[in-house]
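TrEMBL has this to say about the protein:
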- His19, Leu21, Gly46, Glu67, Asp92, Asn107: S-adenosyl-L-methionine binding site (BINDING)
- 26-190: domain 'Ribosomal RNA adenine methylase transferase N-terminal' (DOMAIN)
Amino acid sequence: MVHNILRKYGIRGGDHDQHFLVDERILDRIVEAADIQPHETILEIGAGIGNLTERLMKRAKKVVAIERDPALVDVLRDRFGDDGRLEIIPGDVLEVEFPAFDKVVSNLPYSISSEITFKLFRHDFRLGILMYQYEFAQRMVAHANSEDYSRLSVNAHYFADASIIMKIPRGAFSPPPEVLSAVVRLEPRPAPFEVADREYFLHFVTAVFGQRRKKIRNSIIRNKQLLGIDIRDFVDEIPQEMLDRRPENLEPEELARLANILYAHKQNT
Ligand code: SAM
């Protein structure tokens, strides 16, 4: 069926992150994991030929599907055109404004996973069931002191409980991608530690993870312009053992403590 659709609409597939999920069992498991209630609005990013969309529409009050490829927008319109439960937003997910939604369920375009995830973190929603490249998913759920721990892990931990719930083989897609995939369950919740200023904390995390293997003291000093403060003026007030570690060895709450100290001094100068 995928091949017929692709041929009919002149879509090559494999380009622009276009790997369509065709394994019925996995499609069903993704929708099950989303636990969709009849009053909910679901956001789907990169709806493709609509295999996931169709299942989401059966359960939700409304599905809002964002799709950039005009040929795939035509497929979605032909397939579900007059069904009032579907709203199609043609365009680039990074440029369109997200509507209000309860849950986001998507097989994402992998080349912009990071940008999409950081955009999602700026919205209010109850649950995300999201397909990523496996390595990206691992970075998202990584803990301090591991190879995969990164700016992404700290952001994910700040915004949500994140866990890998399924590892997906290449053969579940048509055409098969070159990489393994994983489905991540993302449940937004209040941060489990105190942050004096959210934007400053996120900015701090981005700055120090630019040099994750340097002692954090050096990253902070090197980024003094960006962070708006020179810690050499008040270095005695910061626990030295924290400054001697590398960003990759600091827990998210320890990074928040440091960002809070810097922010307080910045406010007082
Ligand atoms: N959801 C479909 C499925 O599971 O079969 C398709 C998933 S495919 C991995 C990703 C989809 O995202 C493709 O349909 C592609 O055209 C679309 N896409 C790629 N970049 C996009 C962007 N910047 N904005 C919106 N959609 C995009």
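Any Cβ shown, glycine's included, is placed from N, Cα and C.
Over all protein chains present, the Cβ of Asp92 (S-adenosyl-L-methionine binding site) has 11 other Cβ atoms lying within 10 Å. By the criterion of other Cβ atoms within 10 Å of the residue's own Cβ, the least surrounded of the binding-site residues His19, Leu21, Gly46, Glu67 is Leu21. Sequence-distant neighbours of Asn107 (S-adenosyl-L-methionine binding site) (same chain, 6+ apart, CB under 8 A from its CB) are His19, Leu21, Ile30, Gly46, Gly48, Leu52, Met131. Across the residues annotated as binding S-adenosyl-L-methionine (His19, Leu21, Gly46, Glu67, Asp92, Asn107), the two Cα atoms farthest apart lie 20 Å from each other.
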